Amino acid sequence: MKKGTVLNSDISSVISRLGHTDTLVVCDAGLPIPKSATRIDMALTQGVPSFMQVLGVVTNEMQVEAVIIAEEIKQHNPQLHETLLTHLEQLQQHQGNTIEIRYTTHEQFKQQTAESQAVIRSGECSPYANIILCAGVTF
């Protein structure tokens with residue numbers, strides 16, 4: 001049995017294959033996932049697992065150098081936005097690097113998901129609970 005934090009074989013596999021600047025999406029239950037994207041569906045029911053639970057596990061395993069978030073989260077889900085910023089601040093301290101935060105429109109965000117190595121769908125049912133993680137290097 002794998003000793004690391006990620007037990008899901010699909011998530012573990014995609015993270016291990018990421019190269020520098022490759023992207024990985026963690027999304028809510030409602031984000032449309034392009035047919036061309038590898039879909040890893042973790043959703044069990046509404047809210048399970050939560051966006052932050054999935055993101056926490058993924059970022060424990062993945063080196064992150066930048067993130068892309070929909071601008072709309074600031075207005076339509078400010079509590080999650082603050083939680084997300086706190087998580088990214090803690091991740092920066094843990095990794096020892098600065099994580100660039102980029103904002104884009106939700107429409108542009110959806111288009112960019114097609115370029116990601118995979119889209120991990122959570123059970124989150126709150127608006128704009130989506131993030132694109134850009135892989136960094138550990139050296």
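Glycine is treated like the rest: Cβ placed from N, Cα and C.
For the substrate site, Swiss-Prot gives Asp28, Tyr128, Ala129, Asn130; the one candidate out of His20, His106 that the record lists there too is His106. Under DSSP, Asn130 (substrate binding site) is assigned to coil, being neither helix nor strand in the three-state scheme.
Sequence-ordered, the extra residues of this chain that approach the substrate site, with Cβ no more than 8 Å from the Cβ center of Asp28, His106, Tyr128, Ala129, Asn130, are Cys27, Gly30, Leu31, Phe51, Ala70, Glu72, Ile73, Asn77, Phe109, Glu124, Ser126, Pro127.
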